[in-house]
Amino acid sequence: MYGKSPALVLPLLLSLQLTALCPTEAVEIYTSGALEAVNGTDVRLKCTFSSFAPVGDALTVTWNFRPRDGGREQFVFYYHMDPFRPMSGRFKDRVVWDGNPERYDVSILLWKLQFDDNGTYTCQVKNPPDVDGLVGTIRLSVVHTVPFSEIYFLAVAIGSACALMIIVVIVVVLFQHFRKKRWADRADKAEGTKSKEEEKLNQGNKVSVFVEDTD
């Protein structure tokens, strides 16, 4: 039994060695996962990838869409050396290429969002010989307004604090200005009173001298 096993094991070992030398790699896709955008605005559907194979002319990118309320999958965009926009359908004249394959970026830009754009967008990248891998997904929610987040509240708080500081500085500067002006007015008034008293005193002295001369 054991004497015959090497003939059976040898092909298996060779196949394992070949698999180890030439492993099957997969393209990894990265997306935001979930995204909210306001109705009527434009949104960037970001999709990046990593691949063990160098990016070349064989790279292909396929974007598809499945509505949230169900229905068949719809074509959104295709890229192979050049971008190919949809010639018909809901995304005609509403989607443009916004990626850079050399930087592993295959994002697209969707214009003039509508409420029926709610759904899941898929991003599939093939970079031969890396053709396997999971498809990236983005769940887009089109809303009337984007709810305030902590970042917005923080920005409002910082802006309010800066405005308050500016107001305080202005009040202090104005207070110092009017205070100096008031002291200057008081000094001028005191100087004027002193001058009048000196003038009266001089006139009194002149009268006294005149009376003495008359006598």
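Placed from the backbone N, Cα and C atoms, the Cβ positions cover glycine too.
The annotation signal peptide is assigned in Swiss-Prot to 1-26 on the grounds of sequence analysis.
Under DSSP, the residues of the topological domain 'Extracellular' (27-154) split into helix, strand and coil as follows: 11 helix, 62 strand, 55 coil. Under the heading topological domain 'Extracellular', Swiss-Prot lists 27-154, citing sequence analysis as support.
For 27-141, the entry in Swiss-Prot reads domain 'Ig-like V-type'.
Taking all protein chains in view, 13 other C-beta atoms sit within 10 angstroms of the C-beta of N39 (N-linked glycosylation site). Sequence annotations record features per position, and here Swiss-Prot assigns N-linked glycosylation site to N39 (among others) based on experimental evidence.
Per Swiss-Prot, the feature disulfide bond maps to C47-C123; the stated evidence is sequence analysis. Around the Cβ of C47 (disulfide bond), the number of neighbouring Cβ atoms within 10 Å comes to 25.
Counted within 10 Å of its Cβ, the other Cβ atoms near N118 (N-linked glycosylation site) come to 15, all protein chains included. Under the heading N-linked glycosylation site, Swiss-Prot lists N118 (among others).
According to Swiss-Prot, the feature topological domain 'Cytoplasmic' maps to 176-215, an assignment based on sequence analysis.
Residues annotated as compositional bias 'Basic and acidic residues' in Swiss-Prot: 187-201.
Positions annotated as region 'Disordered' by Swiss-Prot: 187-215.
The local packing around C123 (disulfide bond), expressed as other Cβ atoms within 10 Å of its Cβ over all shown chains, amounts to 26.
When the recorded positions C47, N118, C123 are compared by Cα distance to N39 (N-linked glycosylation site), the shortest distance belongs to N118.
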